[in-house]
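Annotated features in Swiss-Prot:
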ACT_SITE  Cys784  active site, glycyl thioester intermediate
COMPBIAS  151-168  compositional bias 'Polar residues'
COMPBIAS  177-202  compositional bias 'Polar residues'
COMPBIAS  217-226  compositional bias 'Polar residues'
COMPBIAS  253-270  compositional bias 'Polar residues'
COMPBIAS  295-309  compositional bias 'Polar residues'
DOMAIN    1-112  domain 'C2'
DOMAIN    229-262  domain 'WW 1'
DOMAIN    333-366  domain 'WW 2'
DOMAIN    393-426  domain 'WW 3'
DOMAIN    482-816  domain 'HECT'
REGION    134-238  region 'Disordered'
REGION    253-353  region 'Disordered'
Amino acid sequence: MGSNLPAQPNLRVTIIAADGLYKRDVFRFPDPFAVATVGGEQTHTTSVIKKTLNPYWNEMFDLRVNEDSILAIQIFDQKKFKKKDQGFLGVINVRIGDVIDLQMGGDEMLTRDLKKSNDNLVVHGKLIINLSTNLSTPNTNQANGLHRSHMQPSTSSGLVPQVSASTPQPSPGPSQADPTASNPSLHPQRVPSTTRPSSTIVPANGPPAPPNGQQGSRTNLSSFEDSQGRLPAGWERREDNLGRTYYVDHNTRTTTWTRPSNNYNEQTSRTQREASMQLERRAHQSRMLPEDRTGASSPNLQENQQQAQTPPAGGSASAVSMMATGATTAGTGELPPGWEQRTTPEGRPYFVDHNTRTTTWVDPRRQQYIRMYGQNANGTNTTIQQQPVSQLGPLPSGWEMRLTNTARVYFVDHNTKTTTWDDPRLPSSLDQGVPQYKRDFRRKLIYFRSQPALRIMSGQCHVKVRRNNIFEDSYAEIMRQSASDLKKRLMIKFDGEDGLDYGGLSRREFFFLLSHEMFNPFYCLFEYSAHDNYTLQINPHSGVNPEHLNYFKFIGRVVGLAIFHRRFLDSFFIGAFYKMMLRKKVSLQDMEGVDEDLHRNLTWTLDNDIEGIIELTFAVDDEKFGERRTIDLKPGGRDIPVTNENKGEYVELVTEWKIVKRVEEQFNAFMSGFNELIPADLVNVFDERELELLIGGIADIDVDDWKKHTDYRGYQESDEVIQNFWKIVRTWDAEQKSRLLQFTTGTSRIPVNGFKDLQGSDGPRRFTIEKSGDPGALPKSHTCFNRLDLPPYKTNDVLEHKLSIAVEETLGFGQE
């Protein structure tokens, strides 16, 4: 071939950049360099670019070629060049005559997918080069002393890898790189935050994340346009830290996965946002806790009971209403023997039972209906027991019966300084057919809310905000007041909305709107997790806002304020965040919601022999605002190799760094605000799953929607096991359903549009039930994939027993 080559160089090859290279090491980025060869006779090498998956060289090489010449360009990791595989990262083979006419001349920009070599190592990414017959301009490499060429045939096969000068190999599968990479930007401007779009604007499914840290291809388009043209006024295109494209609407300070249409209409967009917000508001207002579920403030429970129960014989509609609310009927006729009616100085009637020498607010002629938890004949979880107060006898020592302002009976235990809806003279409704975890949660809740530190102080705390400026106004109002003032009765007033509310509906609306605003990724304080696009985690790059620590303290105060005043926030965090709030140690399982790829790599490291396969040290590479630095996981860590003996310690330290250490400043600021209202020793009575419910409440889950958007593997919907599964779920109350949702998906959060929008770690992922496991084993869950591994249990009773144990007794969020 050499005899057919011209005597002088006739083609200039510019190796511009590579994009989205494969990251073979868990925490170490490669040091890429490129080697260009023609027929094994001419070899040129670029400089080494340190610690990157997207190296930029822009180096020129002049070659002697003909139309049949094969140009081969390989990329290697300089750190591993002396290893067996030489740190191979990919190759392209280009036949010169296929891309440029040497006789006519020309200039061609090429973007080619990197291919595998003969050893079949995994390869990702693209290589961008330029071929030109114009050699009249000076070679900038030669001018800068960077041109390292070997014009004679290589005699050292160990120095430069041998390349098969054949036609390009077929791609091993669909290209993993961004198809828009044909016009790469050589100096892309990256937004320093790694935020992700909020699903609260236009609920949409984000595309799957590129695998193994691959970033989307950079183009020479500005951030205000994309391949479809220029974005509407006020819109910007960004990319999150998983390479997913999202769009920022600066007009409304919101984000979305969905590209705005070219005929974007602000009025239409506003209407869509309002409709979406109304759906979320309705879902938020339906959330409750177990203690609330026994009260008249639980509309969903009342509705369910009205459907599940019929009035007693001879009963009326008012009797059904009484059963749903726990109220009493008006007494008529004479008082029973030994009873007397008296009046307090304030004019309130009460009744004296001289038979037992006790007093009560309740007219003994009234009939009280007591709500009892347990299984009835129909298999429902709630039954109503009718019991005349006069037949119950006296209250135990130290107990008192009182009425709420809606005439509902409750009981005060002065021995423990607690209150309860449950009549102590009846068999405990907490212990009849109620799962252990539920007894524990309800008792914890009663204990928690009865503590002196959680009692509302005398006086009022006035907060006035504007709806369209709620974040800034709330920050100013809440941060100017002392913690003791915030513990007074909270009176929320929206500017321009006069009316007497006593803080009830306004408080609920206030926390709903504020939680939507302050957790919006637009502000770079929080970002959506790797698991989905609706659970939150602290943004490690929140320092882009110089006041971020003050804002985290404010957010901590708001979360504490919501718990203190028994309101819910419309936001849900990764499981590890709740663990951190309880000062619990995070584990490898918690990594699933933060970085699914890293979780998989670390799990593989623990389960396999790594000697001679993976070269790691006790150090990690971290990039912050474009600067990459090496962080020691322990003193001198970068010089300590990871071995089979110490890999367990390595995994623990990596997990601690990735989840806790990177956001330690922000989290400590958050907790300083939170603990001003909620003492740490009190909140620690809950576990992490209960804390999620305490902050966000328990959702009213639509089982029909859940079932409709479920896939099956190994099962069919008509199988008896599946029929029994849904039958059991329908009989469970809202809390048990939320626990099941936590067990299988990692959160009790349901997307605004229902289960059809359920997300996994790799994009949209429907709830899935897979036939897996021995009938003697418990069900298992894969929270990253919203999957439940359900063994083929023989009977309904066995299925319910096994499922209940798995859901109730399992700690943590991820099971695998």
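Cβ atoms here come from the backbone N, Cα and C positions, even for glycine.
Over the domain 'WW 3' (393-426), the average per-residue pLDDT in this prediction is 73. Residue counts for the domain 'WW 2' (333-366) under DSSP, helix first, then strand, then coil, are 0 helix, 13 strand, 21 coil. In the domain 'C2' (1-112), the DSSP tally of helix, strand and coil residues is 10 helix, 50 strand, 52 coil. Following the DSSP three-state reduction, the secondary structure of Cys784 (active site, glycyl thioester intermediate) is helix. In the structure as shown, the Cβ atom of Cys784 (active site, glycyl thioester intermediate) sits within 10 Å of 22 other Cβ atoms.
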